[in-house]
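Before any comments, here is the structure.
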Amino acid sequence: MAQTPLITVLGSLNIDLVSYVPHHPLPGETLTANSFAVSPGGKGANQAIACAKLSRPQSDKTAATANVRMVGAVGADSYGSLLRSNLEGHGVDVSGVAVRADPAKTGLAIIVVDEPTGQNRIILSPESNHDLDKAVAIEAGLKDKPDLLIMQLEVPIPVVLEAMQAARTASVPVLLNPAPAVELPASAFEGLEHLIVNETEASVLGRVAESVLDTEEGLRSVADGFVKAGVRNVVITLGGRGVYFLQGWTGKAALVPALKATVVDTTAAGDTFVGMYALAAVAASKAGVDFDAEAAVRTANKAAAKTVERKGAQDSIPWRDEATKLSVTRFPVQLRKLLVRFDGSDPVSHVNAAALAKVLLSKLRPGLSVHRELVARPVWADGDLRSIRVDPGDATAVTQGAVALADHAFELLDRLHLELDPDVAAVAAAMVDFAFALYLRLGLWQVRVVRWDVVRLVFLAWVTVFSEC
């Protein structure tokens, strides 16, 4: 069995002082905040927490798909202790986090969040982050030869550049998230495995006007420039527009649309994206398969969409089981009423499935955008569903079976790489949800048998909807 991959994050650790305000203050304006919070943060620590939380379900914090190590510096103060203990509490190795003696202090970030939009403005005070011992940090960063070294630019640039060079020499792949944006020498991109930038960072590092990124042609031009400089995988996050990626070694590129979300606070959304993307990268490496940048971007997009729906930085980052479940809150209540009518009599008939599909189509056709050829792939065979077995007499086992069915269904979605409109995504999630409801109601309390026929009815109707689009 392959050893669990190691991700090392060399970067900043800050305490976030966050004010939530009715609007960003104008010059000379004094505002009263709606609320205030103090929480662990820093791009480095956020990305380490993201890797840790997204590598395991909340219910089982020991079932990690990756080990995570943090390298950085804090002050010998209460904030430094809070940062270290919070990382350890999430399973992150803090042996590489140096504690600097007085008068060095732990880094601070003053964050002002505009509550109506969720957009933030941040002022950094680096403190101990700029007091890193270069040699010690680089040695700690490459200890045990990690499967991926992640870095940002909230620590001294010379530390980052020399660590990148040392990683190249040691054949350790690097993911660089160059925030805050500063121009870097061309040598920084030589042999760089992953570059993840937002629009501002792409503009500064690519030395182009930000308006160039307004078109897909402009995005391709900037991404091509990074690839020519030596980057293998380029990702440009575009906020509400989505994410553009270019896989330099295959030439594959696409603009992946953003997922709709109720934006509460955008803090740590980018760090969540980096964490989920990084986990996909090391998983591919350990499995000995080619890295699928598009699949990684789509999965990271889902995780980031969950993050912006919550307040805070590290607290807002989802666990793996949260990130891989789609919301059903926008699904029409009428579907629940419709499904309740099915009493289990000949439920898998095409007549019943067609009737259910007809209602779905009539209500959701305006938002459906799934390609016909996707449903022709043979992943919906009955064997996929029947592969999950539970004892209908055991309530715990039945519940676990329902959860397993959800995981299995979304694995199938990932295999199809469906580009779902948010309404269609809600349909997909709701189909699974209501399959549980029928499965549990009919299987456990009514006839006490496992009603896979009911489950197949729901999936057959779902596939019928997609095939009619």
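Keep in mind that glycine also has a Cβ here, set from the backbone N, Cα and C atoms.
All TrEMBL annotations are machine predictions without curation.
Noted in TrEMBL for the protein shown:
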type     : residues                                                                       : note
ACT_SITE : Asp271                                                                         : active site, proton acceptor
BINDING  : Asn14, Ile15, Asp16, Gly42, Lys43, Gly44, Ala45, Asn46, Glu154, Asp271         : substrate binding site
BINDING  : Asn198, Thr237, Leu238, Gly239, Gly240, Arg241, Gly242, Gly270, Asp271, Asn301 : ATP binding site
BINDING  : Asp265, Thr267, Thr307, Arg310, Gly312, Ser316                                 : K(+) binding site
DOMAIN   : 6-319                                                                          : domain 'Carbohydrate kinase PfkB'
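Sequence features annotated in TrEMBL and their locations in the structure.
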residue	record	CB count, 10 Å
Asn14	substrate binding site	32
Lys43	substrate binding site	29
Ala45	substrate binding site	33
Asn198	ATP binding site	20
Leu238	ATP binding site	18
Gly240	ATP binding site	9
Thr267	K(+) binding site	28
Thr307	K(+) binding site	31
Arg310	K(+) binding site	16
Ser316	K(+) binding site	22
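When Cβ neighbours within 10 Å are tallied across all protein chains shown, the highest count among the binding-site residues Gly242, Gly312 belongs to Gly312. Most buried of the recorded positions Asp16, Glu154, Asp265, Asp271, judged by other Cβ atoms within 10 Å, is Asp271. Among the record's substrate binders, Asn14, Ile15, Asp16, Gly42, Lys43, Gly44, Ala45, Asn46, Glu154, Asp271, no two C-alpha atoms are more than 15 Å apart, and one pair sits at exactly that spread. Surrounding the centroid of the Cβ atoms of Asp265, Thr267, Thr307, Arg310, Gly312, Ser316, where the record places K(+), the chain contributes additional residues within 8 Å, namely Val264, Thr266, Ala268, Ala269, Val308, Glu309, Lys311, Ala313, Asp315, Ile317. Across Asn198, Thr237, Leu238, Gly239, Gly240, Arg241, Gly242, Gly270, Asp271, Asn301, which the record gives as binding ATP, the greatest C-alpha separation is 18 Å. DSSP classifies Ser316 (K(+) binding site) as helix under the three-state reduction. Across the domain 'Carbohydrate kinase PfkB' (6-319), mean pLDDT in this model comes to 91. DSSP assigns Thr267 (K(+) binding site) to coil in the three-state reduction, outside any helix or strand. Within 10 Å of Asp271 (active site, proton acceptor), counting C-alpha to C-alpha distances, fall none of the binding-site residues Asn198, Gly242, Arg310. Other residues of the chain with a Cβ within 8 Å of the Cβ centroid of Asn14, Ile15, Asp16, Gly42, Lys43, Gly44, Ala45, Asn46, Glu154, Asp271, the substrate site, are Gly11, Ser12, Leu13, Pro40, Gly41, Gly107, Ala109, Ala313.
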